[in-house]
Structure formats: structure tokens, C-alpha cells
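J.: Structure in C-alpha cells, see below.
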Amino acid sequence: MKREFSWKVASNLFVSFKYAWEGVQYAFNTQRNFRIHVIIGSTAIALGVFLQVSLVEISIITLTIGAVLAMELLNTAIESLVDLTVEQTYHQLAKIAKDCAAAAVLISSFAAITVAGCLLLPPLYLLVKSFLG
């Protein structure tokens with residue numbers, strides 16, 4: 001996908017934010033895993049609000065989700081650069097770069113699941129227990 005004026009330096013902060021938002025939109029529109037992480041992250045935050053966990057806990061969950069989404073964006077950027085560089089050929093170093101970028105997303109996802117589980121499962125358990133008597 002060719003972006004018009006993608007080679008230009010942003011002239012001001014507003015333009016920088018516009019370019020950054022275009023990156024988020026690109027990832028959301030083209031990367032299935034990014035969409036999955038957005039849905040799961042939004043669900044975790046909504047569950048935290050529903051369970052009335054503290055603002056600090058919601059903030060921690062939000063930060064870990066942000067880390068996962070940031071890793072997903074970096075993964076997309078690295079994959080795009082590698083594809084641009086090697087074109088349609090296989091190179092072992094390209095594989096390593098892509099695999100390591102994907103591993104960063106995987107590790108941050110595991111960390112986010114652990115954090116959300118530690119913060120959301122205890123109040124969820126109490127809620128379910130109160131309904132079941």
C-alpha cells in the first residue's frame with residue numbers, strides 16, 4: 001500500500017499525530033492479530049469497570065494492553081521493512097527478524113494475560129460465587 005507523502009517530515013505536532021493515527025488505522029485494517037488484541041483489551045477494560053476494580057488496577061491493565069498493541073505495531077513495521085528489503089526472496093536473517101518481532105508480541109501478550117488474570121479473576125470469582133450461593 002503506497003501512502004501519499006509518506007516520505008515527508010511532519011511539519012507540526014498535529015501532522016505527526018495524523019501520521020501516527022494512520023499507522024494505527026493501517027494496523028487495524030490489515031492485521032488480524034491487532035484487531036484481536038484490541039477486542040480482547042477492550043473486553044478486559046470493560047470487565048474491570050464492570051467488576052469495579054480500582055483505578056490503579058484499571059490503569060495497570062490499560063498499560064499492559066498498550067504494551068501489547070505497541071508491540072503489535074512494531075511487529076507490523078518490522079515485517080514491512082523486512083518485506084521491502086528482501087522483496088520476494090527468502091533470507092535467514094529476515095526470518096529471524098520477523099520471528100523475534102512476533103515473539104515480542106507473544107511475550108507481551110502472555111504478560112498482559114497474567115496481569116489481567118491476577119487483577120480480574122479474584123473479583124470475578126467472588127461475583128460468580130455470590131450468584132451461585
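Each residue, glycine too, has its Cβ placed from N, Cα and C.
From a predicted model like this one, the values you see are computed outputs, not experimental measurements.
When I checked TrEMBL for this same protein, it listed these features:
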ACT_SITE  GLU72  active site, proton acceptor
BINDING   TYR19, GLU79, LYS98, ASP99  ATP binding site
BINDING   GLU72  substrate binding site
BINDING   GLU79  divalent metal cation binding site
TRANSMEM  34-54  transmembrane segment
TRANSMEM  60-82  transmembrane segment
TRANSMEM  103-128  transmembrane segment
J.: What same-chain residues lie close to the transmembrane segment (34-54): Cβ under 8 Å, and 6 or more beyond its ends?
T.: 27-28, 61-62, 65, 68-69, 72-73, 76, 109, 112, 116, 119-120, 123-124, 127
J.: Identify, in sequence order, the residues in the chain of LYS98 (ATP binding site) that are 6 or more apart from it along the sequence and have a CB within less than 8 Å of its CB; answer 'none' if there are none.
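T.: LYS98 (ATP binding site) has long-range Cβ partners ILE78, GLU79, VAL82.
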J.: TYR19, GLU72, GLU79, ASP99: which of these recorded positions has the sparsest Cβ neighbourhood within 10 Å?
T.: ASP99
J.: For a quick check of understanding: given the listed ATP-binding residues TYR19, GLU79, LYS98, ASP99, what is the maximum Cα-Cα distance in angstrom, as an integer?
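T.: Max span of the ATP binding residues, Cα based, is 26 Å.
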J.: Could you state the whole-number distance in Å separating the C-alpha atoms of ASP99 (ATP binding site) and GLU72 (active site, proton acceptor)?
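T.: The separation of the Cα atoms works out to 13 Å.
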